[in-house]
Amino acid sequence: MAQGDYIQLHEKRYGKRLDHDERQRKRKAREVKKRSRVAQQAIGLKGKRIAKQNYKDKVQMKRTIAMHEESSTRRKVDDNVQDGAMPAYLLDRDPTTRAKVLSNTIKQKRKEKAGKWDVPLPKVRPVAEEEMFKVIRTGKRKTKQWKRMVTKVSFVGPSFTRKPPKYERFIRPTGLRFTKAHVTHPELKCTFNLDIIGVKKNPNGQMYTSLGVITKGTIIEVNVSELGLVTPAGKVVWGKYAQVTNNPENDGCINGVLLV
Amino acid sequence: MAVEEGRDASVMCLLTNPEGEPLGAPLYLPQNIGPPQLQEIVNKLLDNEEKLPYAFYISDQELAVQLGSYLETKKVSVEKVLRIVYQPQAIFRIRPVNRCSATIAGHTEAVLSVSFSPDGKNLASGSGDTTVRLWDLNTQTPLFTCTGHKNWVLCIGWSPDGKHLVSGSKSGELISWDPQTGKQLGSPLTGHKKWITAISWEPVHLQAPSRRFVSASKDGDARIWDISLKKCVISLTGHTLAVTCVKWGGDGHIYTGSQDCTIKVWETTQGKLIRELKGHGHWVNSLALSTEYVLRTGAYDHTGKTYSSPEEMKEAALARYNKMRGNAPERLVSGSDDFTMFLWEPALNKNHKARLTGHQQLVNHVYFSPDGQWLASASFDKSVKLWNGITGAFVATFRGHVGPVYQISWSADSRLLLSGSKDSTLKVWDIRTHKLKQDLPGHADEVFSVDWSPDGEKVVSGGKDRVLKLWMN
């Protein structure tokens, strides 16, 4: 007989202890405290592992709670007059996919001409050149110091080919190149993962704009064709500007808000 | 030599009407004749007192040149009998609209439905701000604001004699209004448990003055109401899901299309189910009748004649209806979420006459042209398709919209088609050339509803940007 089955066999023959359920309940109740003590005391790799697991559990729990709450709050109220009236032929269709607003490309064009931006982040921390670039020493004796490596996230167009190393003054590391950004539409309150078309303006300087460096506060142009925005003349809007709101080099992703 | 030339230069032709019935025996026609001469021949053969315009089609393609050059370009054998289909055209011509003549603000929420009265003199709109508004077309200003609904006004319907206006709301009640004063007539008609999806009036040639109308609702019922008794006369139950569309046919049957994929035909004295038309694989979104335009406008035609008594009106409407229908049965077309349409002849049998495929997204709206020769369908695949209204054969696709096409409307002479789309534009299409005639941008947001007035002068459109736009030429 397998070693572990003796307990089961015993339980089968003589039944469980009379206070078995009670003991189980108490053990379960103490379990939390025990786990927290272990988590607090554990150090090193073990501690890390436990912390990671706990974090994961917590996120999962929060997500489940949020889901439950949503399903109970998102109840259709028929008796009140709601905003966003729709004709009868659209009432049964899924309204969440109909994310769309007025587009005002004219406003955007005007802004572009003036060169001034009424943006969500009006001021940004100036980034020094030493922070932006890392000096790379080249030459046989590593004495030359004319080469720079960009230490921030950058956008590099699809048609870019590197120059020969002799002429390449700025290196944009492939690990820090991004092609997509998470852009939030401020009125719809929903976020889309959109392709970046280009860097419109980096507030730290023209050179960074032309290099395609993306730091916090940079205006980027994103491809919004899949959102289905239309101009007053009935054409699909293709590109729209967005401002970066996070520090992409720290976070590993680009978050931004659409400028409408 | 001369004799031979003479023989070469003629071709055996058979003139037929759109239903395929020949007009007299086949006859030899010289090859140098074109549509104007053919028109004279047809007018002569039909003994028409006044000359009517006709268009000529050979194997579904319009004949625009002389017979001889047609035969040459198409390489048609001269030994066979050439079948030429003649189609009567409207004797009046409606000019395409090309400018926005007025933008009337007033509604404080999206405009969900707009409709001209059958005589084209009044205009009503229903909106998400729970009001129905009547507009003065001469001064292009608001006339009356009808408050009374508790929720969005989803659909409105003019009685074919123009004396009543009925509106249905999202909370399921119907209110009838007097278009002359803008006052509510009686208390709201309640009975439906969910929102109203469509309203259709009894044709005026069956009863004048108009009393009864039918409403369809999300709760799966259609109800016949009597406006003078102010109550529900018959409840048509049987659909298991929401009824999306209802039409009151010219022979006194009611057709309902539902989300349970069926179309039901009801008889109107006792509300019995006569037929069930099955075939669709998904929701039925829209129904259209070949005689719909005549039923809608009742006794009013392009001449702008007015009638003093209901009996006179009834007679005139019956004459118009019979002329329009001819001796063929009424045809019904249904557009569905399964991307297809079916052409039915519900009076003859319960199987479909044709299946119309080609759309790549759901079909939201179908509409027969006023003369019944054409059939247009608006789809979410951003296109409008034109079909032969008698056989159901595909004719043309109108592309140009960049968003789903919501609604379409015909001009009274069947030569132009109007479409309103989510991309905030209206477009006018030419049926003859299959081309875009006019692009009408101007709305700031989705266009939910369009209507071309029966007299052809104006077009109205309403949408999410809360304004009503009037378009003229």
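Including glycine, each Cβ sits where the backbone N, Cα and C put it.
As recorded in TrEMBL:
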DOMAIN    B:11-71  domain 'NLE'
REPEAT    B:104-145  repeat 'WD'
REPEAT    B:146-187  repeat 'WD'
REPEAT    B:189-235  repeat 'WD'
REPEAT    B:236-276  repeat 'WD'
REPEAT    B:356-397  repeat 'WD'
REPEAT    B:398-439  repeat 'WD'
REPEAT    B:440-473  repeat 'WD'
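Here the repeat 'WD' (B:440-473) has long-range neighbours at 92, 94-116, 118-120, 123, 125, 127, 135, 137, 140, 296-297, 300, 302, 304, 403, 406-413, 418-428, meaning same-chain residues at least 6 beyond its ends whose C-beta is under 8 angstroms from one of its own. Summed and averaged per residue, pLDDT over the repeat 'WD' (B:398-439) gives 91.
Within the chain carrying the repeat 'WD' (B:236-276), a Cβ under 8 angstroms from the stretch's Cβ atoms is held by residues 194, 197-203, 205-206, 212-224, 282-289, 291-292, 294-295, 321, 325, 330, 332, 334, 336, 344, 346-347, 350, all 6 or more beyond its ends. For the repeat 'WD' (B:398-439), the residues of the chain that approach it from at least six positions outside its boundaries are 55, 62, 89-90, 92-94, 96-98, 293, 302, 361, 364-365, 367-371, 373-374, 376-386, 445-452, 454-456, 459, 461, 463, 465, 471, judged by C-beta separation under 8 angstroms.
In the repeat 'WD' (B:236-276), the DSSP tally of helix, strand and coil residues is 0 helix, 22 strand, 19 coil.
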